[in-house]
Amino acid sequence: MHGHRASASAIHPDYPVTHRESTWRRATLIVQGSTATVDDTLRPAVPARGLQAAEIAREIATEIATAVAEVVTTVTVLEIDVTTAETTAAMTVETTAETAAAHVHHPVARGHRTAEMIVTAETTAGTTAGTTVAMIGTGVEVPRHVGQARDVLQPHRPRTSAATREERVNPEKQKEDKLAERAAKLLEWKKRKEAERLAQEKAGTPGSGASPAGSVPSTPAVAATPPPREAKPTVAKSKVPKPATEKVKQKQPEKSSFKLDESAAARPLIAKPAGKPVAIAAASKYHHIDYKCSNQLTQTDGAAAAATTKANGNIGSFGLKTKSTAEEDISSKALLDDEIDTGKRKLQALPVFATHDEPETTAGVEDDAAMSDIGTDDDETNAQLQAKLQSRRAELSHDQAADKDTNMEEVPTADNTGDQMDVDDNAGAEEDDVDPLDAFMADLSVPQQPSRAAPQGETMFNDDLEPEQTAVEGEDLLALRAAKKKKKEVPTINHEKVEYEPFRKDFYTEPAEITQMSAEDVADLRHELDGIKVKPDDVPRPVTKWAQMGLLQQTMDVFTRVGYARPTAIQAQAIPIAESGRDLIGVAKTGSGKTLAFGIPMIRHVLDQRPLKPADGPIGLILAPTRELSLQIVNELKPFLNASGITIKCAYGGQPISDQIAMIKRGGIHILCATAGRLIDLLQSNSGRVLSFRRITYVVLDEADRMFDMGFEPQVMKILASIRPDRQTILFSATFPKTMAALARKALDKPAEVIIGGRSKVAPEITQHITIVPPSYEKKIAKLLHHLGQTFSDDENAQVLIFTERQETAEDLLSKLFKAKYFAVNTIHGAKDQTDRNEAINEFKQGLLNILIATSVAARGLDVPGLALVYNFDCPTHLEDYVHRCGRTGRAGNKGLAVTLIENPGQERFAVHIVKALKESGAEVPDDLQAMANAFHEKVKSGTEKYYNVGFKGKGLDELDASRALDKKREKRALKLGDDDASDDEPDLPKLKKPEASGPGVAKSTNGDAAAEPVQDEPAWKKLLLGKIVVNKTERAETGKPTTAKERAMAAARKIDGNLSRKGTVHAGQPIDNKGPDAGLYHSTLEINDFPQKARWAVTNRTNVAKILDATGVSITTKGNFYGPGKEPGETDLPKLYILVEGDTEGVVTQAMLELTRLLTDATVAAEEAASTRGPTGRYSVMS
């Protein structure tokens, strides 16, 4: 049957191999009396070209070769014509018992695809006689030669057979009966086999005890010829049918003796000889067989499976190899373990689709499974199976008792190999229902391991991939963050070991007309230029024209283009000093042109040095206190620097540091303008390999007093210490207190001081109005609205800058102005993102905004030429702050107005600074303001008050670090964390006094010292994080009204409890508003009202909530109202903001609560760290 596989070219010579259509064939064998009809249909069919339809039908009938010997003797093939769709009886083929087969598997290739044939045989009584499914994998290009088609076809996944009539009626019942019957027969058969083996052992049979290892040849490729059987010679069989009783006797030894003889055990396993392909091996290689069939079909199974073809046999007209009568008889009567044709036979594991209730495979199945693969075409597989079988035999020879689970036995040694196996007729009648192949297949309930040594996968469950839902202790969480957080330090450089390039500082040559001036003329000139004061006296003289400074022509052209006709006072004196190479301290009023005073000399300084290499750092460095000021410096200097081919870049916080690192690595930056904090970050990036200070020779500190006041003095000093000592350093500011001057001189080398118009002075172009108001927030807002109305009535396009002391006040004023119909309003303060701040400033400069509300962060560097009004809603706390605020208006010679509100009583101390500023600027002092200042002086004389004239004092970071360390220890105490990792330099907190017991019978201490410090209360949000998660079962609403007195009392109590809970906070697990029909079985609550805003956002934003919902399947609802600090809900108000988590099980609710708690903890700690690292924003601390 399997000796030939017809190729597409052999059947259809004109059919192209590249055809991609599917040509599946379904052939149905229908039994009617003694005739079987095969209905062969092609879909889509391929017409026969060059061949007759009768020849195709004969080939199909011959290859299918299906018939049950007892019923079917003739097969009729119906051919469907492709073009006319007519059915004709193409061929009738007779069959006999020897050629009939219950299970037929033969692939027929059709074009580029392969064929599928389903053959069904039915008896005259309507019962199922057998079902055969033949499937071949698709997608194989079939060669044009018949001999090559045999080795090209690929295996396909097995397909179950067609259902029989009874199975279609009740398939489940039929399967259960078959499984039960097979299991019972299998158990009985195993018992008999075990009894036989024990009987042989007792009789002293050496078959199982002898070790065959020594007789196994080393080369398994050479097959040993099995000796012929003496008692059973090969006899040619005729085609005459035999009685049923004779056939039964011939088949009993096949089913009952499933053994290996001694010669098979002693010789190596061999592969299939090349000359004779085996039918059952071919079928096993390409597809699996469904063995769920009736007993009548099973009896013919052994004969059909043993049928073989000869390689040297006759060739039919269609290339099919015919058999001789003798070979058919021999192959049909051979046993599975018989010596005849043992080398040609293939055994392979054939899985059965068993149910889960079948018994587990015993240890002996491992050997059976190994034996089932003997003789396959894969040499590597055969070698592995042979080694496995030999190892098993060696174990049997050493330990016979350990082989009780093996179901296969070895036959006696060579003395009995030639004897014919006896047939027990009585036993045959008893074992008629048990087939060894069926029993073997039933044992294969567990899939066997693959024969190849391939990498094995590992079973992974979804639960193994999930992180452990273990609550993280607060100590571990804070310890982890403390370990990650390191104090920013700039590495110290030993300049004595570094060899720096020499550079030139002095580029200034005094013009002849300036040299010829007398000392009196120079003094008069400095007096005309806003009273310039210089120290020492030997500094270069001031100039009056740009041409007298020795500038480049490109720079002169830019001055002409931007319209700067002559230098300002600070520029006239500072530029000659800077070009001469001396360090400089410049103090001038705001808007006087300090930026160009240090920027113009930088051009000559940079161009005089050699060009930059890719790895070189900048030559000039400008430090600014705020981001806005750094951007303004870059924008103002860029036209002049670009004209000379000099590149300037800006680096400040609020932007991704990765972008700025990439900018620096690209190189080519001559001047870098940066804030102190971001410059520290750049110095520490990649262990200091990002930014190099070797080429820096020109350093500028703009608004130096403000920079030191913000706590950057240690960082600034370390930055300056990392730069070569012979650098040129220039400091500029609008104010310069004496304490600040002492700190600045540490970083400068014999600096020259230039002071324009006094140390802290408001420009005379600015009109100052002081308004005294009572200490009422509403009255101050009324005054503000009154002044705004007057300003916009005079000029509707006017712009107003309002200063506040706190960020909260700025945001509140924004909402008040919105209500007053002022819509072109925005705010800037330290809590806003840098992008929002830049956008607001740009819109204000472009005139899109009429009102800008700001804290002191915008007082430095904000330059709006057309600003008409500066409004100090909160009074400045010291003189320097007042000067800087007022300096935002009246810039570049324009007129301006500054209005200041001061509260009386309450702000008498600030009146002293304002009176001093008015007197120094030559403005008139109001009488009521002078009275407030005099009253404060009287209080100072009486000792009830003292002066506070701190200005912008440099507090540094020592005090700030100490304050942060104190806050950290206080937080640890609140969280009840240990102090194991506490360092020695951390400040100690006063110990908390344990609360004393009180009540009847408890004596209270009368010692006055005992009433020491009060106990510090923990914040509410910390108590929530430390508390345990409580999950309650949801209370369902009652179906009816309470009838008994007890039920009415319980309902009233629950109502009262609900009302009380609405007044206060929501405790963890408190059941609130979750008694509806859609409420979960379990619920828990988490109050988030008192957490920081970032923490509340972390547990309420859609992204985080969606992740928790997907992971747990719970329902998360945000309920209640938000109440600010110090506010509590009333009796009829909703409770504080909280989260309600509902779920079907307690576990999922707990898991969701753990994740929410984690998000709250992370966001809260991040908010605390951000607040501590940012430091004070918009407020000034008064130091005594």
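Using the three backbone atoms N, Cα and C, a Cβ is placed for every residue, glycine included.
Under the heading region 'Disordered', Swiss-Prot lists 148-178 (among others).
Sequence annotations record features per position, and here Swiss-Prot assigns compositional bias 'Basic and acidic residues' to 164-178 (among others).
What Swiss-Prot lists as region 'Disordered' is 197-262 (among others).
Per Swiss-Prot, compositional bias 'Low complexity' is recorded for 203-224.
Residues annotated as compositional bias 'Basic and acidic residues' in Swiss-Prot: 244-262 (among others).
Marked as region 'Disordered' by Swiss-Prot: 356-377 (among others).
The feature compositional bias 'Acidic residues' is assigned by Swiss-Prot to 365-377 (among others).
Annotation source Swiss-Prot lists region 'Disordered' at 389-433 (among others).
The compositional bias 'Basic and acidic residues' annotation in Swiss-Prot covers 392-407 (among others).
Feature annotation from Swiss-Prot assigns compositional bias 'Acidic residues' to 421-433 (among others).
Annotation source Swiss-Prot lists motif 'Q motif' at 544-572. Beyond the motif 'Q motif' (544-572), the same-chain residues lying 6 or more positions past its ends with a Cβ under 8 Å from any Cβ of the stretch are 507-509, 511, 513-514, 525, 529-530, 532, 579, 586, 588, 592-594, 596-597, 600, 603-604, 607, 639-640, 643-644, 754, 756-757.
The annotation domain 'Helicase ATP-binding' is assigned in Swiss-Prot to 575-754.
Positions annotated as motif 'DEAD box' by Swiss-Prot: 702-705. Within the motif 'DEAD box' (702-705), the DSSP-based counts of helix, strand and coil residues read 2 helix, 1 strand, 1 coil.
The domain 'Helicase C-terminal' annotation in Swiss-Prot covers 780-933.
Look at Swiss-Prot and you will find 973-1016 (among others) tagged as region 'Disordered'.
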Report the DSSP secondary-structure composition of the motif 'Q motif' (544-572) as helix, strand and coil residue counts.
18 helix, 0 strand, 11 coil
Stretch-averaged pLDDT - the domain 'Helicase C-terminal' (780-933):
86
